[in-house]
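**Student:** As listed in TrEMBL for this protein:
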DOMAIN    23-150  domain 'AAA'
DOMAIN    204-352  domain 'DUF4143'
Amino acid sequence: MDLKMVKPRIYENLLLDHFRNHRQMAFLSGPRQVGKTTLCKALMTKATHATYLNWDIPKDRTAILGGTSAIAEQAGLNELRAGQTFVGLDELHKFEGWKNMLKGLFDAYGEHTQILVTGSGNLETFRSGGESLMGRYLPYRMHPLSVAELNGPHLQGELIRPPEKPEVWEELLELGGFPEPLFKGDKAFHRRWSKLRSQQLVHEDVRSLTDIKELDRLEVLAELVRQQSGQLMNFSSLSRDLKVSPDTVIRWLATLRSLFYCFEVPPWHKNIARALRKQPKYYLWDWSIVRDSGARNENLVASALLKATHTWTDLGLGDFGLHFIRDKEQNEVDFLVTRDDAPWFLVEVKTSKGRLAPGLLRYHEALGTLHAFQVTFEMDYVDRSAFDGNKPIIVPAKTFLSQLV
């Protein structure tokens, strides 16, 4: 695959389907530089009439501050037109009155206007205060590129795709799934890009969206999360390292999650004797900056599973969740995917091939999961579905990841 040949994202068809079938606004949240603006502009080319406004662009900010009437005038919403008009509003959550403005815009013009709202902050987190948007939007979450999406940008009718040999593998492991560094294919550029992205997140996004003043300590916390990817998160230990209270650590971690620096995987404890109940594990949205290769492999799988559970849930296919299992006797499994609050399949991540992990066997039987996978990176692709059987099985990472989203 030529990495310079940029394919459409799965989210393009997902949002086109949304506007064909639903009257609500679409809220698309995702990390900085994951491709939201590019996607918005791609959707504009599909519309007869389209307007794009970005809060970070001064002239667009003036129109947004002018409220519903100013946006309607710029987008021509008061004119008689054939077909629908598309309005893309980027980084709108940085505007304090964004909810009130959107409510007015949707109530006045939503019947004949496709409205897409995008943001690099979690729009679910920053929606508090102001008018209620209940019933006026449907949320979607945009993720970095994955093995499955690079194989084909179309969502299948079923939850699980047929297996397909990955077109991109080593580059995805080393450069991550963010489009620009991946398609550029340059390790030096990737290092500079990753460092700048982390700095911008702390010193620009956190400053503009929160009242946190201790940005230097927050930056240290972000570095500690990177170093501890996939490990149990000890809030008390972090509070001692940072010289702040555990409650402050928890609040700062929530901020890093809301800005898509990291995500939390909670423990699953239902029907498990002596299970851990409180300590979560943390992973990064950009697995490529995890230096240890084993931890990076685990983070890549965590990211792929999170993308799958988010997308399946956003499409209304069920309520999917991502957890891990660990008990006080140190029996553990890296991941448990749940479907409608019931265990569905287990995943243990290994770099090299070996015997099935005892924890995988133990909890497959104890929880009655439909599948149990030992996902192995140092195995060649096998052209057979990993989901064919129900017994615990060792599977190539290339096969397993190609079947997700």
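Numbers here mean position along the shown chain, with the first residue as 1.
Any Cβ shown, glycine's included, is placed from N, Cα and C.
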**Student:** Note the mean pLDDT of the domain 'AAA' (23-150), expressed as a whole number.
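**Tutor:** Average per-residue pLDDT within the domain 'AAA' (23-150): 93.
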**Student:** Quick check on the domain 'AAA' (23-150): DSSP residue counts for helix, strand, coil, in that order please.
**Tutor:** 51 helix, 29 strand, 48 coil
**Student:** So, by DSSP, how many helix, strand and coil residues make up the domain 'DUF4143' (204-352)?
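**Tutor:** With helix first, then strand, then coil, the domain 'DUF4143' (204-352) has 65 helix, 36 strand, 48 coil.
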